[in-house]
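Asker: Input: one structure, supplied below.
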Amino acid sequence: MSFYRHLLLLRSLRAAPDRCRPLLFGALSAPSRPFAFSSAEEAAAERRRRKRRLRIEPPLHALRRDPNAPRPPRDPNAPRLPDSTSSLVGPRLNLHNRVQSLIRAGDLDSASSTARHAVFSSVRPTVFTCNAVTASMLRAGRLDDVVALFAFFFNQSNIVPNVVSYNILINAHCNAGRVDVALDVYRHILDNAPFSPSYVTYRHLTKGLVDADRIQEAIDLLREMLNRGHGADSIVYNTLMAGFIDRGNMEKALELFDELRERCLVYDGVVHSTLMEAYFKRGMDKEAMESYQSLLDRQFKMTPVTCNTLMETLLKHDKLAEANKMFENMLENHSPPSFTAINTDTYNLMVNQRFKEGKILEAIEVFHRQPKKPCIMDVSCFNNIIGKLCENGLLSEAEKLFGEMPEKSVNPDATTYRFLVDACFREGRPDDALEYFKKTIESSGGSPGFRVDVGFYNMMFEGLVKAGRTNQALEIFGKMWERGLKPNRTSYEVLVTALCKEGNLDGGRELLEQMLRSQINASPEFTAFVFDTFGNAGRSQEIEGLFAGNSGNFASQTEHVAVMN
């Protein structure tokens, strides 16, 4: 309030009668805008402050309650509910992150062991940690382990499963061909779980029934899904349509497609890809492209997964102009965070197509094309094009892209280095291969998800041996044990063969003894080579003694040698 307004109010206060003075004093002392905010942001900040206060401060009835009073007993008939995301905090979150790190590193057995041991500790795993372990086993195709872990976590250890837990179990049973068991799990959810099946549940069951050639039961399940109030899921419809198409019933597939369009104003365009593939197989290219155009006419905002599926179908049937046009539209429509129209799989599709056409320079240009708001590249996208360049003898171009990875905040992984090391050996650059290998080892030491396997080491042994650098191969072999890696049969056979050919029979015998002591069986060809080499040097008794010491396979090895001789 300005100085002149204060002055006017004071004058009016002197002139006003006594009964009016309290009102004037109130007007003078009160703020001019007691309940207003200067901006919408200020009002929003005040709302957030009040919400935080309500969350932090306990209600009055909780303050009045005696803290020493016993809690009311829990209703034993009330269903137990799964963990909510609020339970994934503190030590339980640390456990979850540790398990996830092991899964990303590919060490599924350690991840499973960590989660199982935590069940008996004070920091029990949440349902989200259990789901992460079982889902990793499902992705690895270890279906029996999925079933065993589900029984351990949720039946024996008294952890309450959620719908994701059941969906993983159902998917495992369907993939193993046990559809009836999967249906029993579904009925168990309906009868006992405090939640309903999700649309993902119906996706797994429908696919399992179709794969088991029980398509009528899959149709019945679709009707049950709709009757239970679920929306028309386009992936469920697509699975059924593909099933009828594979069985030559195009009319039923089109009937389901029309039903989907009636029930959904917006649906996944993958169903059009299924129809297009069916038309293309029948030589009906015109109908296939009409189906594709009918999808474009609806002007859906399609996700990258949908667009990639359509693009893959177009490229498969040499509709290059339409695929290129879709790629241009995806670049144009990409405007994150409001809408993501393109992803790295899109780039992989287009790059692979350019390599297929022999247009390698265009493939590099496509890889570097970016929408107005750049698409974030990942290591798999770089690996795809680097691997293709190395296969085509363009190591220098691959190295240029390798140099761009830090600029794009992308860290190389073991696959990246593997491509470069292999290409360096093929081009006669063993020194550069060694440098890349050293970088691989340095990177693997600083990242829990970076895993160098025995196959990478074997590639190094073979490359160095061919380059006449057996001693360097033996140095790397000696350091394998320090990093917790055990050599396999290929590791020993490559190095023992190299030592024997160089005349270092003592070194070869020492490694062979170590191999047999580790209970690693030698291949028949390698065994024959060793017997011939040491026999020609008059030392066959030493080899016979080594194999005799490993009595489990001495008879089979000598039998193979006799047959080959």
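Including glycine, each Cβ sits where the backbone N, Cα and C put it.
Because the structure is a prediction, the values reported are computed rather than measured.
What TrEMBL records for 48-91 is region 'Disordered'. Marked as compositional bias 'Basic and acidic residues' by TrEMBL: 55-74. The annotation repeat 'PPR' is assigned in TrEMBL to 162-192, 198-232, 233-263, 303-337, 378-412, 413-448, 453-487, 488-522.
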Asker: With a Cβ cut-off under 8 Å, give me the same-chain residues at least six positions beyond the ends of the repeat 'PPR' (488-522) that come close to it.
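Answerer: Residues 454, 457-458, 461-462, 465, 470, 473-474, 477, 480, 529-530, 533-534, 537, 539, 542-543, 546-547, 549-550, 552-553, 557 contact the repeat 'PPR' (488-522) from elsewhere in the chain.
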Asker: Mind checking which residues reach the repeat 'PPR' (233-263)? Cβ under 8 Å, same chain, six or more beyond either end.
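Answerer: Non-local partners: 199, 202-203, 206-207, 210, 215, 218-219, 222, 225, 270-271, 274-275, 277-278.
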Asker: In the repeat 'PPR' (413-448), how many residues does DSSP put in helix, strand and coil?
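Answerer: So the repeat 'PPR' (413-448) is made up of 30 helix, 0 strand, 6 coil.
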Asker: Who are the chain neighbours of the repeat 'PPR' (162-192) in space, where the CB to CB distance is under 8 Å and they lie at least 6 residues beyond its ends?
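Answerer: Residues 82-83, 127, 130-131, 134-135, 138, 141, 143-144, 146-147, 150, 153-154, 198, 200-201, 204-205, 207-209, 211-212, 214.
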Asker: Which residues, given as numbers and ranges, are at least 6 beyond the ends of the repeat 'PPR' (413-448) yet have a Cβ under 8 Å from it?
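Answerer: For the repeat 'PPR' (413-448), the nonlocal Cβ contacts are 101-102, 104-105, 379, 382-383, 386-387, 390, 393, 395, 398-399, 402, 405, 456, 459-460, 463-464, 466-467, 469, 472, 476, 483.
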Asker: By a Cβ-Cβ criterion of under 8 Å, what residues six or more beyond either terminus of the repeat 'PPR' (453-487) are in contact with it?
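Answerer: For the repeat 'PPR' (453-487), the far contacts come to 414, 417-418, 421-422, 424-425, 428, 430, 433-434, 437, 440-441, 444, 494-495, 498-499, 502, 507, 515, 518.
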Asker: Summarise the repeat 'PPR' (162-192) as counts of helix, strand and coil residues per DSSP.
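Answerer: Taking the repeat 'PPR' (162-192) as a whole: 27 helix, 0 strand, 4 coil.
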Asker: Need one number: mean pLDDT over the repeat 'PPR' (453-487).
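Answerer: Mean pLDDT across the repeat 'PPR' (453-487) comes out at 90.
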Asker: Which numbers of helix, strand and coil residues does DSSP report for the repeat 'PPR' (233-263)?
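Answerer: Final tally across the stretch: 27 helix, 0 strand, 4 coil.
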Asker: Take the repeat 'PPR' (198-232) and count its residues per DSSP category (helix H/G/I, strand E/B, coil), listing them in that order.
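Answerer: Split into helix, strand and coil, the repeat 'PPR' (198-232) gives 26 helix, 0 strand, 9 coil.
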